[in-house]
């Protein structure tokens, strides 16, 4: 008997699952910093414009493909373009997801380590250099990051094993409101800090002189990667939506929530950084070195640290669940595996890849592919090539391969919604979005520089 693929049971559950996929560490460790150093409110206006012009049409393109077929990342292309090689786009997404979970699970394990450190108040009174030395010692043990990443993958697998309704949807309906609640509490705490004014000035003071070609490239890249595009995750999630919906409105709300969380993260983080006279940074250094140093000096910093690293852990989990589910769906549909077997197979192989990624971070490790250690290689391969090329091909497929009649039928939900907007949407995904994603790809591989 064929195993049921599952479906989302409510509009709220669908929205929380999609937002959970989109909201990741990039919202917290990259977007606020980019806004601050690239003109504050000027960057935000540029970013919002690009979200509407590029991000929303791209996520809608993936949803159209999934809704048209109710199949996953590979099966959708096979159904819409039989006897062609378009299905290879789906395989690119599956490989990209596998690469991302390999190294992302290691970062998720780091967040658990720092959550534990916050609980025991390990960083109280420590300098930046002392925290950095402790973090490097932790990574150089090898086995500790491996154990934590395997545990995080196990938790991710547990959620996906429970299925679409009882796993993915139910957990996102709990975790995403919790994440937003934690952010609100951290924001309220920021209002009480001496550096609140400096933090707000860093984030929001408009400086249009800083809007350069490089700024546009940064904003375009952030728009693309913040929405989990180019992997087929949104194709898979949209295939679970069975109830009629206003696709433009629901996905517009998703992009609004995703952007709001990124902005609120900056409000929660940078007042604390400026209060203690620490230079703002981005990436892993911000989360795992700068902020633990800040929390260690702050009154009540232990509790702020607990909330913050719980926030990071939740963001990592919801993102990983979406990618894990996309790959599980592929194995169920294309390889005819049961959900149980697919989840166990993925868990085992991903634990092995994560172990190699963690071990490649050990000082003196020879686990290299060319000039990259394995961790950095998988990051580079997935973000610079697989996701961007995949995103480009997906939007070209939606704009040029799917017939206008079929595209209109799915986008407007059989003519019920957004009939007047449809020509604009089709024009954008045919002529604007492909150019924008091509620019992102060329900038990623260094052929375009700001």
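Just so it is clear, glycine is given a Cβ too, placed from its N, Cα and C backbone atoms.
The transmembrane segment annotation in TrEMBL covers 12-29 (among others).
Positions annotated as transmembrane segment by TrEMBL: 41-65 (among others). Under 8 Å from some Cβ of the transmembrane segment (41-65) lie the Cβ atoms of residues 34-35, 76-77, 80, 204-208, 210-211, 215-216, 219-220, 222-224, 226-227, 229, 232-235, 238, 241, 247-248, 251-252, 254-255, 259, 263, 391, 394-395, 397-399, 402, 407, 410-411, 425, 428-429, 432-433, 436-437, all in the same chain and six or more residues away from its ends.
Among the features that TrEMBL reports, transmembrane segment is placed at 86-107 (among others).
Long-range neighbours of the transmembrane segment (146-164) within the same chain, counting only residues 6 or more positions beyond its ends whose Cβ lies under 8 Å from a Cβ of the stretch, are 5-8, 101, 105-106, 108-110, 112-113, 170-171, 240, 316-317, 320-321, 324-325, 328, 339-340, 343-344, 346-347, 350-351, 354-355, 357-359. Here TrEMBL flags 146-164 (among others) as transmembrane segment.
What TrEMBL records for 176-203 (among others) is transmembrane segment.
Per TrEMBL, the feature transmembrane segment maps to 223-242 (among others). Same-chain neighbours of the transmembrane segment (223-242): 5-8, 14, 17-18, 21-22, 24, 26-27, 31, 47, 50-51, 54-55, 58-59, 62-67, 69-74, 76, 89-90, 93-94, 96-97, 100, 164, 255, 258-259, 262, 319, 322-323, 325-326, 329, 383, 386-392, 394, 437, 440, counting only residues six or more beyond its ends whose CB sits under 8 Å from a CB of the stretch.
The list of residues near the transmembrane segment (254-279) in space but at least 6 beyond its ends in sequence, with Cβ under 8 angstroms from a Cβ of it, reads 15, 18-19, 22-23, 27-28, 31-33, 35-36, 44, 47-48, 51, 55-56, 59, 128, 179-180, 183-184, 186-187, 189-191, 193-196, 198-200, 202-203, 226-227, 286, 290-291, 293-295, 297-298, 304, 308. If you look up TrEMBL, you'll see 254-279 (among others) marked as transmembrane segment.
Annotated transmembrane segment per TrEMBL: 299-321 (among others), in sequence order.
Under 8 Å from some Cβ of the transmembrane segment (342-362) lie the Cβ atoms of residues 98, 101-103, 105-106, 109, 139-140, 142, 145-146, 149-150, 153-154, 157, 160-161, 324, 327-328, 331-332, 335, 368, 373-376, 378, all in the same chain and six or more residues away from its ends. Look at TrEMBL and you will find 342-362 (among others) tagged as transmembrane segment.
The transmembrane segment feature in TrEMBL is assigned to 382-403 (among others).
Per TrEMBL, the feature transmembrane segment maps to 424-447 (among others). Here the transmembrane segment (424-447) has long-range neighbours at 50, 53-54, 57-58, 60-61, 217, 220-221, 224, 248, 383-385, 388-389, 391-392, 395-396, 398-400, 404, 407-408, 411, 418, meaning same-chain residues at least 6 beyond its ends whose C-beta is under 8 angstroms from one of its own.
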Within-chain partners of the transmembrane segment (86-107) [C-beta distance under 8 Å, separation at least 6 from its ends]: 25, 72-78, 80, 145, 149-150, 152-153, 156, 230-233, 235, 284, 316, 319-320, 323-324, 326-327, 330, 349-350, 353-354, 356-358, 361, 375, 378-379, 381-382, 386-387, 389-390, 393-394, 397, 401
